[in-house]
């Protein structure tokens, strides 16, 4: 097995035993990126010089006996995290040459543990998309089939795990942007509860929905990485001051007696037959492990996509108003006057999907439509949250598909934005409810594309979904399969 194939916990044991150094692991990963990333396009920026300096520092820590779970481990970051001295583009032309003066909290926490940052990963522009096709830096490709998308918006973060060009990655999830690409690329992707991980230093898309989370090769790695970045942060007023448990310690509890709910609105006609088969097999496996499977109802699910695309775009239109060419980012040349400089900078800097969402959001917030759209959407969001809270009075965890289909072809849905939006129908409600969800590899389609299983937990119920995911992973081999790169 190559160094770049190892999980966080496997590499940690080798580093601890001094069987391999962090410099060797980092060089192996940088060589792997050079060998295969031209096919995948998972990275926007690779940082070999900084990575090797961090690796040398990690080796000094290890020699001194100071080794944390992520010390010396090569990780990639979605290009939405601000990184001191490293270009941060958010997949957009408007930030093509932006170099931040500080690290976001999640990045700082990784550095505190001695993780090695090998680069910044491709994504949909400003995290707006489900296929990684809206990136100014070109689409990222799915390592399982280079003609398919890896999903989005954290497409590069998932593709790098599948291509084995990072040991672990961080992404963000606003409406499914960690879980859907994890499903399409055959890796584990966890969206924590809103407020569990600080958003300080994450470029904002929709501030009441965005959440930081890990993408990894297995569930143990997911627990390790979540434990490293979770926790209260005074720099983020929405972060919640609750203790961070040792997620790894609770993985082996098993699911005997666990009540698992199947929301009837998620098992609908139109579900791809391969996805349905994978879900049926997963349900049967949980039954055999002693879980108590029961049907539940989330009656307002049908309104989730419409609600999301009003709230998220409204917040985006406000958040993206700051990009005007004055203090940072792209500035249009040859503008006559300030007003034209604003409009030209934005017209040149933003791509079509971002413009579409800004227009949708501005419309929803405009005085004549504010009550009819935005206020109504917030009321429906409250109903959706209540649906989940009611369901969790009966069950511990929900089991659902992640997406109606496996990964789709590049350009297949570009002409029909609504089809693209609907591909997030099973992930969006979890963000609206503000709770946690995980994608775990659960099989393959007839065409050999990965299929993910979603487990949804109560607010701050990450331990339960990690335990349920680990029990599933232990009984299956899906997470061990490798993309043919």
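Positions of Cβ are set from backbone N, Cα and C atoms, glycine also.
Per Swiss-Prot, the features are as follows:
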type: ACT_SITE; residues: 78; note: active site, charge relay system
type: ACT_SITE; residues: 153; note: active site, charge relay system
type: ACT_SITE; residues: 177; note: active site, acyl-ester intermediate
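Overlay of Swiss-Prot annotations on the structure.
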residue : record                               : DSSP class
78      : active site, charge relay system     : strand
153     : active site, charge relay system     : coil
177     : active site, acyl-ester intermediate : coil
**Pairwise Cα distance for residue 153 (active site, charge relay system)/residue 78 (active site, charge relay system) [Å, integer]** = 9
**Item:** Integer Å distance between the CA atoms belonging to residue 177 (active site, acyl-ester intermediate) and residue 78 (active site, charge relay system)
**Value:** 11
**Message:** Going by a 10 angstroms cut-off between Cβ atoms, which of the active-site residues 153, 177 has the sparsest surroundings?
**Reply:** 153
